[in-house]
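Beneath this line is the structure, given in structure tokens, with notes to follow.
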Amino acid sequence: MAASLPGPGSRLFRTYGAADGRRQRRPGREAAQWFPPQDRRRFFNSSGSSDASIGDPSQSDDPDDPDDPDFPGSPVRRRRRRPGGRVPKDRPSLTVTPKRWKLRARPSLTVTPRRLGLRARPPQKCSTPCGPLRLPPFPSRDSGRLSPDLSVCGQPRDGDELGISASLFSSLASPCPGSPTPRDSVISIGTSACLVAASAVPSGLHLPEVSLDRASLPCSQEEATGGAKDTRMVHQTRASLRSVLFGLMNSGTPEDSEFRADGKNMRESCCKRKLVVGNGPEGPGLSSTGKRRATGQDSCQERGLQEAVRREHQEASVPKGRIVPRGIDRLERTRSSRKSKHQEATETSLLHSHRFKKGQKLGKDSFPTQDLTPLQNVCFWTKTRASFSFHKKKIVTDVSEVCSIYTTATSLSGSLLSECSNRPVMNRTSGAPSSWHSSSMYLLSPLNTLSISNKKASDAEKVYGECSQKGPVPFSHCLPTEKLQRCEKIGEGVFGEVFQTIADHTPVAIKIIAIEGPDLVNGSHQKTFEEILPEIIISKELSLLSGEVCNRTEGFIGLNSVHCVQGSYPPLLLKAWDHYNSTKGSANDRPDFFKDDQLFIVLEFEFGGIDLEQMRTKLSSLATAKSILHQLTASLAVAEASLRFEHRDLHWGNVLLKKTSLKKLHYTLNGKSSTIPSCGLQVSIIDYTLSRLERDGIVVFCDVSMDEDLFTGDGDYQFDIYRLMKKENNNRWGEYHPYSNVLWLHYLTDKMLKQMTFKTKCNTPAMKQIKRKIQEFHRTMLNFSSATDLLCQHSLFK
């Protein structure tokens, strides 16, 4: 072994044989066990080691790490001679100061103890979070709390490719003694994620109480969105309340948290706790958003995004006496670098080419396991996003349980709901009266007196009721042979498959979701009746807006029917699945493994057309883009007024376009009807996985407060929007913040101006004027508080 002194930035690695392989280890000799020094702390500065551990818990560079034999935590001295071993006399001793051990945080090999053998670690699966581990968003002093970090999860036990999605978002702790009883008015649906329970105020802690002046709170939705002054006042008050609440959560003990051992239910009740205004820390989840996975690309753009996120954290911790102007704060956002079209196409092809299918054997042409790491950097976000987005738990709660000033303020939508909710609506496809005549949100109200077994039966009955059935029916009941013969697969997701067919001479989309079965579907557990019920009702509520009077729009995809069927997958659908797989490539498992008793939910939607992303080069002109923005803004504004709705995931894959012969499209907002030039296209909004809505005192939302992977994406403005939403609502996703709709409209406008090309160039004065208006819309829209505010006040829609 060479005896030269290491350079200042070099790292000492232990070698397990002589250089050039001239001398090999004796096969029968065991290595002596390594003993750590008794007192390591006296040799080092405690701040250096703590900083290293905070920077990356997964690294072995910490000199105080007892598990790293290369850095024993004390100055290097002469090695202890092993029994029977030889040490060359001419080998000089090395003296290495602790300063040389301050290495840059980066992924490194973890050396296992020699007595355990030197077998190579198995490669990570594509769905395994890659990159350095992150600290939990809660302060580390509460050792009894679970770490919400998704990357600490190990490999899935089931062995499926996406099987990790079930373990990524489940809590494994059991309730501690003395835990408060969960509130029955909150239903936590699913096993995918967890809702952090607020900690109670310690008995010995006394904080000064400050009363809030009711005059400073908005009295209606109009006042909440009418001007910048009221908006700033609302946000400052909400920020004060939330900082106190997060301070109370941090001050609790491990016994204050509510967890269930099965990971299915974790609930909180925050409104019954006494709110006191104090200097609370940052909200949960805010401390770790600045940590981003190492992608292997050290570029100025990445450093710029890190700096932008760091500035957001500094802004979030501004003292309460300092007022940050709302408009200036939003206009100074930093946009991450976007991928080129070539990069996006390459990533998509890699994703489709190298996905391991369930039950397939690896042949000589299969993707080699040792090359998984570069692929993980390419498709990590795509697969992780898919693995949890369709299996998010929906939180169903009462309005009083959501501590939001927006919620407690008098809402115009409350009176409108009572006026417009009890009328029969027309089926968009057939024109006949629909089987469901009014809202079904009341079905989500918790039944406090039911036991677990009765609750499960009740959920099944509710689903059957929405399907107008008494029990499951065969596939042939809703998909007769002539309908199946015309089926063509058009999409897929972790939830299942989407097919297109013809019903009554009209194209429709069929979405098939497996439920209540023991088999993993595409690596994830199947949904239950309890989990699928909110999905059905949300789709129905937004579809019903097409038949309302006071607030009406056809901008959300129409839901024609829902059925619960039982049986194995029909052969004609398998044939359509095979054709899609051979032409486009499928990332899903072939659905041929279901038994005869398998249950499915079959949702029939109107056919919405092609998504905006695929139409990026096919639109005629910027006038069409203006019509699309107008339709989207109007649809979101109507949903805000009627359902206090936030979409929260309106990327350009969730905007569908189809041709229409109508010259103008009609909508009604707060009783006032208006029209929009269609330019030959009708827009439909889809995918309500992350959405939030409220009706009849019931709030349904998706809690993503602990899902750090949602906020660490990179390479597109879309991922900045998730972080901006989190900053806007202080990571409290049950509250109503219509500004999130403005953020997504800004994202779509950005796409149209920078990543879409049009057949007709801006050569005429009229086209140039439209382009200037859209550019002005892009520059100024972040100063508006909601889609309703944009629609009514911005000059683009005048």
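Any Cβ shown, glycine's included, is placed from N, Cα and C.
According to Swiss-Prot, of the candidate residues Ser46, Ser58, Ser299, Ser336, the site noted as phosphoserine is Ser58. If you compare Ser50, Ser93, Ser435, Ser673 in Swiss-Prot, the phosphoserine annotation sits on Ser93. Here the domain 'Protein kinase' (484-798) has a mean pLDDT of 96 out of 100. Using a 10 Å Cβ-Cβ cutoff, Asp649 (active site, proton acceptor) registers 23 neighbours.
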